[in-house]
There are 2 protein chains.
Amino acid sequence: MKSDIQISKEATLWPIDQIAEAAGLSESEWEPYGRHKAKVWLDESHEKNADMGKLILVTSINPTPAGEGKSTVTVGLADALAQNHRTMIALREPSLGPVMGLKGGATGGGYSQVIPMDEINLHFTGDFHALTSAHNTLAALIDNHLYQGNNLQLDPRRILWKRALDVNDRALRNVTIGLGGPTSGVPREDGFDITVASELMAILTLSKTIEELQERINKIVIGYTYAKVPVTVQELGVGGAITALLKDALKPNLVQTIAHTPTLIHGGPFANIAQGTNSILATRTALKLADYVVTEAGFGADLGAEKFLDIKVPLLEKHPDTIVVVATIRALKMHGGVAKTDLTTPNVAALEIGLSNLGQHIKSMQRYGVPVVVAINQFTADTAEEMEIVQKYVAQFGVQAYVADVWVQGGDGALTLADAVVKATQAASAYTPLYTPDMSAKEKLQAIVQTIYGGADVELSGKAQRQLIEFAKYGWDKLPIVVAKTQYSLSDDAKKLGAPKDFAIHVREFVPKLGAGFLVALTGSILTMPGLPADPAANHITVDNMGEIDGIF
Amino acid sequence: MKSDIQISKEATLWPIDQIAEAAGLSESEWEPYGRHKAKVWLDESHEKNADMGKLILVTSINPTPAGEGKSTVTVGLADALAQNHRTMIALREPSLGPVMGLKGGATGGGYSQVIPMDEINLHFTGDFHALTSAHNTLAALIDNHLYQGNNLQLDPRRILWKRALDVNDRALRNVTIGLGGPTSGVPREDGFDITVASELMAILTLSKTIEELQERINKIVIGYTYAKVPVTVQELGVGGAITALLKDALKPNLVQTIAHTPTLIHGGPFANIAQGTNSILATRTALKLADYVVTEAGFGADLGAEKFLDIKVPLLEKHPDTIVVVATIRALKMHGGVAKTDLTTPNVAALEIGLSNLGQHIKSMQRYGVPVVVAINQFTADTAEEMEIVQKYVAQFGVQAYVADVWVQGGDGALTLADAVVKATQAASAYTPLYTPDMSAKEKLQAIVQTIYGGADVELSGKAQRQLIEFAKYGWDKLPIVVAKTQYSLSDDAKKLGAPKDFAIHVREFVPKLGAGFLVALTGSILTMPGLPADPAANHITVDNMGEIDGIF
């Protein structure tokens, strides 16, 4: 079997000007980055006058080591739609840290890939690097302020703005800085997050204009004074410089699938530690250009789709017309307790148990009032009997499941799914958000835990409770909530597969993100800086003298 | 008076395909990055068959706060040459850290600028970001190795590979990492250098092919085992991944001057802490494309030009045909003891004292057997009498000085200088390197100190002496030397202006850079991570809703 990168290399890339033209962009609306990538910025008249297309949100069951192929289905479904409709894809950008660690990016697989996959997975057009640079420039300016007399009276023990790098580097989670005597800064504790967890990433993906970008940056709370008063970037006076560093990163990036479907890839917050959806601008641009836009949200529906529907939709001012929930027979069997090594053996009993995970996600998505379709991403070991069981199971929710054989066949493997999705988008849908702004943080969390996770309640640590009292003083207590939680379980315990019941979610701490406009609730033992495994992917990446890369997957 | 960025914005940019064509590149030899930047990679036949043009190296006296305008003269001289000859420029890329701090980049000024200056000074084509990313990926892989069982028996107290960021951030000079308990790495002392000081930057600027890049990366010594045996990247097994991250950064970047002279900007090592010259590939590519190539080396001739002539020339296999030493009357007066506030007052006495600095640099450059021309970068307060004194002074070295009024007039202000330079390049030159490979490190340092700096001797600290004994065991003791030294003085004491005599240079420590192929000698109190000033430039940078940036200088 060919590897994804081999298939990517063998694909024929169209010059990016051809893709831009096919997408309906005029020449003033895009800039090339190499011969096969571009940055896009719609002219005002184009942005204003075009109607919005239909929006299809692809999400999935809780991920397992068996693989669900959500990005692969996203790409395959769009390639199928593109055979008969003006279609675009809107995805997140892959983070470099994990590419060097355990897995490749989010560019799909097999014959349902966005290409050139190696360039997209490595530096792409530099957006993440611009974010890393802007993030650490702000950090340097904060420490310089401490060093140069500290006019703002910032308490070095209460700086919220950490540093960031796009690497998996556990050794940087907790550091002390400013050592080496009086000429080398003010000693204090600090830490690094992975760039996708930076508030600047959240802000970039939520801003529609440079002006809004700067307004949000100015609102970032960098820390507290000795008198415990919050201090913002505005007060530090460097919002212009930080915005200037991000002005090009704000433009969505255009690439293509193997079938040449125009694809916007932009912004990459992880759904387990941030809001997990691609940028408002990319989705909006695609909706202005195409009749059908396929987008995805990170990890399972409990993480990515919930945030898409409760955080992104109100800002996008457009809700999905259909939600596609992706599962594989293999992964459902893992949710039913089968080990990864036994997945090729048919196991009806385990499948029936594991389907509870799919069921919870179907129910939670239906709660939003949007039509739901299930896509089963096909693997060779799947049997007709197993597929029948899935179909029978989902029928109880009034939902249908379709097989998508997209890894092998590309868009041709998703034509039936595409027809079903088109039909679903034509149904009248009545989007209802999960919570209203006036609800308290605890009430919002309860709605998420009970309705989306199928859990019992939320438990706040003493610190989290004290924080909410403090936040109320500043009017931050009514902000939307981004739950940072393990992606592997509906609960905050990665080991509880299937559809656990009667569990509580434990919030150990809130992180206020005033620029992004939400509170992050850290649950369980979730970390905002991953580590590398014992045998990292970096050990196997090669490049030849022609610049051809191998070993990325 | 207009600011540099205003002049840059008002200039008419030609589309980059026009510049590429004017430079003689076929379409397969370049890739666009936006509409006004490109990456260049000569076809093999082109690279092999074209003759090399004449090489002109621009250097200067020791910099002062009065400004010398070396980049401005470089651009103006090239624009003057371009009026009658196929001419290209080869410059270093500006570092983002200092752009946010005290000064702008190295794109020239006034009407002698490379444009678009804001893009070049900020992210440009992402080369520095790729270096930062590769550097920190390697660091993460090293700490992961320590964490995952440490098969190589690396001594955490003897890791040489620090981390790097392209910021001015003194608080990161000395840090402790790996804190937070057993799941967050192995605690140890570490530090961050600015990206331009990374050995990867040195390697990138010295490599001609991807293969050579990888070979050099594999040779990097990352630290020592508990038994004090050096450990390389090769042994860690991640040379392929790090090379893959740098394969595009290896390609020189093409832009234009305000007068549309094709300009390659590539690599950015600082001359005070690294080798201070742009990439071998960019200089070589320019020499293959043009009849006259103007390049510069960082800071004064003691730092940049010395390294150009002793480190770069042997690898480039081409020596300069003429060296232009830039000075201003203002800066010479500062070297004569005048305060910055009094520079507009004619002061013949101070000028005569300050000329000693220019004299030392002329002598040291003549030592290499290459014709020398002096360029006086004109300021409005300069008087005819002062200019006459300069001309009389340099005549004693058999050299002529020419006025260059390039800030105001662009290339038209350097036509006489250009004629003199063309004439000088036609003289037979006999390049002789300062030292031979078989000389000891101390002998090489003595040659640099006595011949180039005009000093008496070199003093090695106890540590430096012990290091040389150790290095001899590994065969590193005969490598070329990169002196890291203050740029403000010929000595290692920033306060000694003019041409100090009888001083010693104090080497406190050597840093072995086996991938780059040299030893860095840290002298005086030189730092490899700068800090920000009390009122950093970042406080004044703005961007409007159209993406127009102001406040970069």
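Here the Cβ of each residue, glycine as well, is placed from N, Cα and C on the backbone.
Copied over from TrEMBL:
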BINDING   B:Thr64, B:Pro65, B:Ala66, B:Gly67, B:Glu68, B:Gly69, B:Lys70, B:Ser71  ATP binding site
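Features as recorded by TrEMBL, highlighted on the structure.
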| residue | record | Cβ neighbours (10 Å) |
| --- | --- | --- |
| B:Thr64 | ATP binding site | 23 |
| B:Pro65 | ATP binding site | 12 |
| B:Ala66 | ATP binding site | 18 |
| B:Gly67 | ATP binding site | 18 |
| B:Glu68 | ATP binding site | 24 |
| B:Gly69 | ATP binding site | 27 |
| B:Lys70 | ATP binding site | 28 |
| B:Ser71 | ATP binding site | 26 |
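Secondary structure at B:Ser71 (ATP binding site), taken from DSSP and collapsed to helix, strand or coil, is helix. According to its DSSP assignment, B:Thr64 (ATP binding site) is coil.
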